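Peer 1: Pasting a structure here, questions to come.
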Amino acid sequence: MLNNAMSVVILAAGKGTRMYSDLPKVLHTLAGKAMVQHVIDAANELGAAHVHLVYGHGGDLLKQALKDDNLNWVLQAEQLGTGHAMQQAAPFFADDEDILMLYGDVPLISVETLQHLRDAKPQGGIGLLTVKLDDPTGYGRITRENGKVTGIVEHKDATDEQRQIQEINTGILIANGADMKRWLAKLTNNNAQGEYYITDIIALAYQEGREIVAVHPQRLSEVEGVNNRLQLSRLERVYQSEQAEKLLLAGVMLRDPARFDLRGTLTHGRDVEIDTNVIIEGNVTLGHRVKIGTGCVIKNSVIGDDCEISPYTVVEDANLAAACTIGPFARLRPGAELLEGAHVGNFVEMKKARLGKGSKAGHLTYLGDAEIGDNVNIGAGTITCNYDGANKFKTIIGDDVFVGSDTQLVAPVTVGKGATIAAGTTVTRNVGENALAISRVPQTQKEGWRRPVKKK
């Protein structure tokens, strides 16, 4: 159906005392992203004209963490209830738009459920998201007459009979802006908590003869809030289980779905295999037939077809062409680039460095600010000395170069095509094409040498 323009209000003023943290509750992360950011993203995906964020505790931290240009910051200086929070945002409501109310500590609400709620909202009435619980203790109960919603009674204000009701309020609702402002102005704090409840607008709407339509989410986890770290950890596992299931159904082989974390977006080809305890962060692309070993962390990187990443390797902001092999225990830092068939072995670190086609750095090596050609062998213990304490400098190594073990290349320096660097050499000047560079101290030998003996 055709929807009205819509703005979203996100309540995020709570302190989160039970988190036992200096960080505002809504900034605690789920799947690598602040809880409230999940809600903001859902609002934006839904096409919100404006997102009003009602904040209180930790406002400076919130503003530092959330840089969404679409946010309108609304201060709730005193936390006097959900109705009071909405009253602070009400001056920003347009009369002819719908207002959707969400919560910064309910991170798994889906766009599909919110669109269903939006579509179900009757003209001039309220769309309400509700669920039925076997044990509704502590939640506001939905009251009905002849099947029609008449109001919401908070648990502390409910009678014994009302407490038997299993349908509860999730707190998520949508109504017209003009109606919302009128109802908010009529709220009182005449209740056990002495607070202004947004839920009281349901009874006000019913008294005006307005229709209230209740819809249910696809999954209960969508409307579960977070008040402590235990609840947050449970929602994290729910989320990760859902992501793992989607990947498995899409053809990705997860060796143990319970030991896989997706903290971003994963784009993948066919026949991808991911072993246990792998973490994917940010935006990651895996080509066809990629294999990732146990304990790896891949962040904001592109991995080409037929690449194999061995266990306990960290890849961040890197690009790998096809058929590269990495690890185990390798680290590719931002700006690392491997061309087709390149190999980076155990205990090799790269940063802002390119390794050419078929080139190899087998072990115990640091390559920083370096451009390395094709078919180059980098021996064990090689270091590009790129930093003088103030500035970074570049090392350039041409095609078909052989770099012996325990070599130091003091940048800026260039090694020409086909050159050979003898083991143990410290390169401080450019090396010509097809030349041999050697800087070792001449070996001496003392015949009949005896090691010192400790005196007894």
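Think of each number as a place in line: the chain as shown, counted from 1.
From the backbone N, Cα and C atoms, a Cβ is placed for every residue, glycine too.
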Peer 1: According to Swiss-Prot, Ala380, Asn386, Tyr387, Ser405, Ala423 bind acetyl-CoA; which one of Arg429, Arg440 is listed for that same site?
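Peer 2: Within the candidate list, Swiss-Prot flags Arg440.
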Peer 1: Averaged over the region 'N-acetyltransferase' (251-456), what pLDDT does the prediction give?
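Peer 2: Result for the region 'N-acetyltransferase' (251-456): average pLDDT 98.
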Peer 1: Using DSSP, break the region 'Linker' (230-250) down into helix, strand and coil residues and give each count.
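Peer 2: Breakdown, helix to coil: 20 helix, 0 strand, 1 coil.
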Peer 1: Given the binding-site residues Asn227, Tyr387, Arg440, which one's Cα is the least distant from that of Leu11 (UDP-N-acetyl-alpha-D-glucosamine binding site)?
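Peer 2: Checked the binding-site residues Asn227, Tyr387, Arg440; minimum Cα distance to Leu11 (UDP-N-acetyl-alpha-D-glucosamine binding site) goes to Asn227.
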Peer 1: Need the DSSP three-state call for Asp105 (Mg(2+) binding site) to compare against my parser.
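Peer 2: Once the DSSP labels are grouped into three classes, Asp105 (Mg(2+) binding site) ends up as coil.
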Peer 1: Grab the acetyl-CoA binding residues from the record (Ala380, Asn386, Tyr387, Ser405, Ala423, Arg440) and give me their largest CA-CA distance in Å.
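Peer 2: 23 Å is the greatest Cα spacing among the residues binding acetyl-CoA.
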Peer 1: Report, in whole Å, the straight Cα-to-Cα distance of Asn227 (Mg(2+) binding site) from Gly104 (UDP-N-acetyl-alpha-D-glucosamine binding site).
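Peer 2: Pair distance, Cα basis, whole Å: 11 Å.
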